[in-house]
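In TrEMBL this protein carries:
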- Asp171: active site, charge relay system (ACT_SITE)
- His212: active site, charge relay system (ACT_SITE)
- Ser386: active site, charge relay system (ACT_SITE)
- 461-576: domain 'P/Homo B' (DOMAIN)
- 1-32: signal peptide (SIGNAL)
Amino acid sequence: MGWGSRCCCPGRLDLLCVLALLWGCLLPVCRTRVYTNHWAVKIAGGFPEANRIASKYGFINIGQIGALKDYYHFYHSRTIKRSVLSSRGTHSFISMEPKVEWIQQQVVKKRTKRDYDLSRAHSTYFNDPKWPSMWYMHCSDNTHPCQSDMNIEGAWKRGYTGKNIVVTILDDGIERTHPDLMQNYDALASCDVNGNDLDPMPRYDASNENKHGTRCAGEVAAAANNSHCTVGIAFNAKIGGVRMLDGDVTDMVEAKSVSFNPQHVHIYSASWGPDDDGKTVDGPAPLTRQAFENGVRMGRRGLGSVFVWASGNGGRSKDHCSCDGYTNSIYTISISSTAESGKKPWYLEECSSTLATTYSSGESYDKKIITTDLRQRCTDNHTGTSASAPMAAGIIALALEANPFLTWRDVQHVIVRTSRAGHLNANDWKTNAAGFKVSHLYGFGLMDAEAMVMEAEKWTTVPQQHVCVESTDRQIKTIRPNSAVRSIYKASGCSDNPNHHVNYLEHVVVRITITHPRRGDLAIYLTSPSGTRSQLLANRYSNGLCPPVCRGHPDTQLFFREEKASCSLHTTLRTT
């Protein structure tokens with residue numbers, strides 16, 4: 001195994017810590033690639049130079065890719081629209097142009113929406129007909145089985161309703177003409193990446209396939225007191241939609257979406273990802289990775305875009321959300337679900353990247369989420385972690401209204417400090433060395449909107465990150481069947497360099513390279529010196545064969561918040 005680590009942490013003692021691991025044996029399951037007639041090209045020299053090069057080789061320059069400077073979307077009309085072979089025509093000589101720094105023919109990526117298919121007695125707050133039935137808003141009134149309250153009404157009573165905050169739903173479009181959405185609809189937060197225009201209206205069909213985005217949007221910002229349907233958590237926030245799932249999803253499509261208008265949009269909510277089938281390992285490709293990094297560095301005028309992601313619905317397939325490079329990114333806030341009863345939903349995935357939890361559906365007897373639906377209707381049937389992520393986005397909007405100067409890192413800190421284990425049912429709750437209760441199922445617990453706005457009001461922005469890079473000698477060890485291999489790495493936190501010295505961890509990235517025939521047989525654990533043990537990868541029995549040398553996507557590990565950077569980390573790899 002080869003090892004290397006990167007610590008990105010603030011230079012003071014009272015901050016949270018996140019541990020992210022980049023571990024091996026995580027290449028996607030082998031499947032036929034489908035190449036499109038679209039290219040992403042990085043060209044120095046600006047738009048005129050990009051147009052010149054495009055014309056020279058028979059391409060059409062569609063324009064800049066989202067907010068990525070010098071990256072352009074090229075289209076070639078004489079190339080096959082979908083092919084299992086990459087293009088080899090004369091236009092491929094474009095890569096030899098001196099001004100072309102990078103080029104990538106776009107490949108179709110399979111992305112799955114994270115709902116699932118299913119063939120207080122009263123409040124005087126609002127006149128919206130579904131308001132009394134929104135059980136997850138009324139857990140404190142003793143008439144509903146839910147025992148822990150997200151305290152959304154408490155945040156409202158303090159005057160926070162999402163005003164001046166902009167949330168965009170990255171999905172299959174939103175019905176901007178819906179009576180519950182049109183009042184808060186924001187055209188500047190909306191576009192159609194699939195159709196290459198500015199209108200995010202979904203494509204209608206007999207099965208209402210493209211209802212997903214509209215349902216998510218209503219959870220966040222459905223208008224209140226309009227005598228229609230439901231009430232959004234941030235009912236005075238502005239809501240937009242990026243239509244990007246109703247067509248071929250490529251790296252370029254994803255990058256355009258997550259980088260759309262980052263100086264206007266505050267929060268991006270995504271309830272989709274790679275297949276939750278227990279064998280897929282996939283994540284952001286180069287353009288999207290760059291878009292995430294640009295978003296947190298430059299979005300919201302340097303405060304950083306906030307990306308909220310559904311953790312996944314692969315529980316029944318024994319999937320593990322650490323194999324999802326979107327939910328386990330250090331740049332995203334991964335949200336899990338709990339049912340009305342507080343029990344673990346059947347679809348829930350376990351992993352160390354989950355930050356927090358909100359309510360959603362559970363067993364057949366548990367109520368589901370009420371929200372807007374296609375054709376100006378309502379639904380009481382929204383499900384899965386798809387429903388939990390926009391709920392979290394709405395709560396974060398309340399916190400940003402309370403303190404618009406929260407950075408993307410501040411938001412993560414505030415969530416951790418205010419979430420509660422409460423009645424959430426899990427056998428793996430543990431308290432880390434910094435005193436935070438944490439679980440692989442629920443992260444740091446159920447989000448608390450009132451506690452978040454109160455914490456946001458008094459929050460002091462965290463200092464600039466210190467980045468410490470350390471490496472070790474390569475270790476060669478054999479992993480035998482039904483056995484474990486343990487390794488210890490002693491980190492100094494760059495204590496000899498004041499510009500990089502890390503006192504307490506915020507983000508740690510560890511790279512492991514493993515040679516093994518079946519990645520599904522591997523389980524990986526990390527244990528801190530205080531004894532906090534985190535599972536980075538679980539056995540996935542549906543997993544296919546692994547290539548001879550396996551590498552993978554970043555795995556965000558959140559269990560070791562505020563534990564010291566100068567320490568020894570114990571890693572265990574176990575096979576079955």
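Cβ atoms are placed via backbone N, Cα and C, with glycine included.
For His212 (active site, charge relay system), the same-chain residues lying six or more positions away in sequence with a CB closer than 8 A to its CB are Lys113, Asp115, Asp171, Asp172, Leu245, Ser271, Trp272, Ser386.
In the predicted model, residues of the domain 'P/Homo B' (461-576) average a pLDDT of 72. Residue density at Asp171 (active site, charge relay system): 30 other Cβ atoms are found within 10 A of its Cβ, drawing on all protein chains shown. A helical conformation is recorded for His212 (active site, charge relay system) in the three-state DSSP classification. DSSP gives Asp171 (active site, charge relay system) a strand state. Counting every protein chain shown, the number of other Cβ atoms lying within 10 Å of the Cβ of Ser386 (active site, charge relay system) is 30.
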